[in-house]
Ligand code: BES
Ligand code: ZN
């Protein structure tokens, strides 16, 4: 009943909005705002309408010689229907052994291959005497394979310490199915526990509470448990020559011993960031917060595994210029990990909200200018992606229509930056303080659930009804074209301005260099800039790469020594520009950089530029470095280069 009223209200609101339908140019016209409420998740094979995992227990051995993990996954499941007779799971690149019922009976199983993008369906037959609400266990014996996408096994030489092997997982979005057979969908949340056996020198950590470890012969046994229900993509494990160091009341860092000091120094404000987040969000529900700084092959800046964020070593720059990555992953503890997108079409609910919170944290910690420059730079990267896809592409919408594609294909800055702009626009209409009250209301309402965009909108309207006069409410609501924001492709319906005087000067400095008249008079302002302001300069040059001649690049490099900068954010922009402009001298430096980092934010644009520069050289460089890349990065760079 309540839903029906909400739908009716929305219909009225949308009907009242200035002919927004006519503004839309493509498929999104046909989509009703509540159309996908019933769809759970197109990226899973699991029969989530019929049965749901409530708890998962993993009992695994890490075998570094063969580079496999093997053991059992035990699901405690609840039937959602009567006469349940089969359980469909996601299981990809796994060798399945026996499947057993709670009574120890062997259960029959077979594979079906419905969609090559999401992997096969593992169908397990169960006695049809299972009734609705019955709770039962099944245990699956399995082993991972060398095709796995979720495990990155590293030889000692690929680590900082060079002495012991290393392994880490990455599951988001749909690769947990290559780590264990399960309902690999963010629409299902379950608690989990694990018992992990590793060689005795190898320490193991997971995205769960560490219950302690013991040595048994040549093995180390470590046990974990998490009693907050999470989606499968947040299951995570890391194992290697690892050390833990406390940073603050409930924060800490894990990394290899030789890298510890640099990490402790760089992350000295971590506790403050978490405290700031807690001050405007709700209570931090997870207990401890630890960052693992991984080896270079980690393909992302950060990943919000609960209690145990994973981070790229590229965030340890020496000047704290990338600690916003930590703030971002901290923010996911609420937006993403407590309130989760129900499927990957709603990914912006994870990332757009998290960008908003990340920037709210840095705004409170570092002030308005820093906040505005970060937002402006994000806005430029949004436009880069809009141009890359084309303004009509569904992937430029906050709710892409990708019909069974692998969600990886749709990841870009759009859910992050367009999502951020949408929420920031709403914030400007109601005021920051009110927006924060709303955010807490939303978090309280949906914590430990998985939701779609229409639940956000319904809750927003409910909040306005409860807290504003009808007149104030209408003033806000009529200014928000929800449909275009969420379904429209191309640029957002409203532009926001994050300009600051320094930002303008930085951009103008780039334009002045591009005139080709040598070094501009005020060139030394650059030396006083924080990293993001320097990136504004560089981003401007990249955006105008066709105007950058080789003498201009030589002059800039002479003035600012960018080719040898250690700041990876500046470096990847600079090298991208050099390659685009055909500045041959930079190629060996790009080659070197591509052999040092595995973070896709840097790899993908550089390989894209190299491909246009010289495809054979690009392939040659890729072949040289790809053993050091993560399996997912190998796939993505391979796609760019068509190999
Ligand atoms: N959850 C993402 C990383 C991710 C998304 C991995 C989708 C795989 C699939 C993480 O929170 C993230 O957004 N990381 C960013 C950090 C940045 C926005 C500060 C990154 O890695 O660059
Ligand atoms: Zn994120």
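Glycine is no exception: its Cβ is also placed from the backbone N, Cα and C atoms.
Record features, source TrEMBL:
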- 329: active site, proton acceptor (ACT_SITE)
- 416: active site, proton donor (ACT_SITE)
- 328, 332, 351: Zn(2+) binding site (BINDING)
- 508-641: domain 'Peptidase M1 leukotriene A4 hydrolase/aminopeptidase C-terminal' (DOMAIN)
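Most Cβ neighbours within 10 Å, among the recorded positions 329, 351: 329 holds that distinction in the structure as shown. All chains included, 23 other C-beta atoms sit within 10 angstroms of the C-beta of residue 328 (Zn(2+) binding site). Per-class residue totals from DSSP over the domain 'Peptidase M1 leukotriene A4 hydrolase/aminopeptidase C-terminal' (508-641), listed helix then strand then coil: 103 helix, 0 strand, 31 coil.
When Cβ atoms from all protein chains are considered, those within 10 Å of residue 332 (Zn(2+) binding site) total 24, not counting its own.
For the residue listed as 'active site, proton donor', the count of additional Cβ atoms within 10 Å of its Cβ stands at 24 [all protein chains shown]. Averaged across the domain 'Peptidase M1 leukotriene A4 hydrolase/aminopeptidase C-terminal' (508-641), pLDDT in this predicted model comes to 97.
351 are the recorded positions among 329, 351, 416 whose C-beta comes within less than 6 Å of an atom of ligand 2, given in sequence order. Listed in chain order, the extra residues whose Cβ falls within 8 Å of the Cβ center of the Zn(2+) site residues 328, 332, 351 are 302, 304, 329, 331, 335, 336, 350, 353, 354, 355, 357, 358, 416.
Cα of the residue listed as 'active site, proton donor' to Cα of residue 351 (Zn(2+) binding site): a distance of 5 Å.
Cα spacing between residue 329 (active site, proton acceptor) and residue 351 (Zn(2+) binding site): 10 Å, rounded to the nearest whole number.
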